[in-house]
Amino acid sequence: MLNFTDVTEFILLGLTSRREWQVLLFVIFLLVYVITVVGNICMILLIKVSPQLSSPMYFFLSHLSFVDVWFSSNVTPKMLENLLSETKTISYAGCLVQCFFFIALVHVEVFILAVMAFDRYMAIGDPLLYGSKMSRTVCIRLISFPYVYGFLVSLAATLWTYGLYFCGKIEINHFYCADPPLIKMACAGTFVKEYTMLILAGINFVYSLTVVILSYLFILIAIVRMNSAEGRRKAFSTCGSHLTAVVIFYGTLIFMYLRRPTEESVEQGKMVAVFYTTVIPMLNPMIYSLRNRDVKEAMNKVISRTIL
């Protein structure tokens, strides 16, 4: 029986063992990663330089893009390396670090999405007092909570991962170090880790999702009470992008983490993980730019100024 510290490295089985598929997947995911990093950095810079994007909504959106860059960068480079490498390994320290940042960034993102829902409620439900209630100080406090809480939760969860024992088996049925395959692979210390994972994921996802649902319930009530058709249309358009991001992100995470780790769930979760670690961070800037008139106008102005 080997403690986590007695294991020098793990083997990541990845998405496929077929060489021809590995080369194709490398090209696809490299392209997706480049688009993700460039798209999110462009979104951050656009919000930074555009006066019309100075509202709290875009302040929170810039942090969502920032987290997406790190979320994708925590997983994708190692996955790309292993797709072309004969020895698809990761050191035990690297595995622990990857687990820590993955759990932290997931929690940061779900609570940023909750904060953004609350911000939309404040903007639509009480527009006259929105500027004073959502001051710069309030926004900084609201955005600080996801970072502080997310990294504290991740620290506790990673320490429980450190307590897992392995009986010589060091092959992880995944393309990164994730809790479900590690639990399935371990031969001791899994009880506390498994149930704390389910409890923490359940509490945090339910709590943050409750904030989103309640915010949109009050938003819907406020929209119904509006007399202006143009006001209702604008309210729906500003909420549509955020709701799309919420449904995609929460749906995939709930499918991954609110089930007990089994061979079937780990294999299914590996396919789903591709979506939320690589595709969703790429889609977020597209969702907010293509569905948001203010972002499109700001982008056109920046492009025009650059060309001229």
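The backbone N, Cα and C atoms fix where each Cβ goes, and this holds for glycine too.
Keep in mind that TrEMBL annotations are predicted by a computer and have not been checked by a curator.
What TrEMBL says about this one:
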| type | residues | note |
| --- | --- | --- |
| DOMAIN | 39-288 | domain 'G-protein coupled receptors family 1 profile' |
| TRANSMEM | 23-46 | transmembrane segment |
| TRANSMEM | 91-118 | transmembrane segment |
| TRANSMEM | 138-160 | transmembrane segment |
| TRANSMEM | 198-223 | transmembrane segment |
| TRANSMEM | 235-258 | transmembrane segment |
| TRANSMEM | 270-290 | transmembrane segment |
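Note on the transmembrane segment (270-290): residues 15, 29, 32-33, 35-36, 39-40, 42-43, 61, 64-65, 68-69, 71-72, 75-76, 173-176, 178, 181, 241, 244-245, 248-249, 252-253, 255-256, 296, 299 of its chain, located 6 or more positions outside it, place their CB under 8 angstroms from a CB of the stretch. Sequence-distant contacts of the transmembrane segment (198-223), counting only residues of its own chain at least 6 positions beyond either end whose CB sits under 8 Å from a CB of the stretch, comprise 107, 110-111, 113-114, 117-118, 120-121, 124-125, 153, 156-157, 232, 235-236, 239, 243, 246, 250, 253-254, 257-258, 260.
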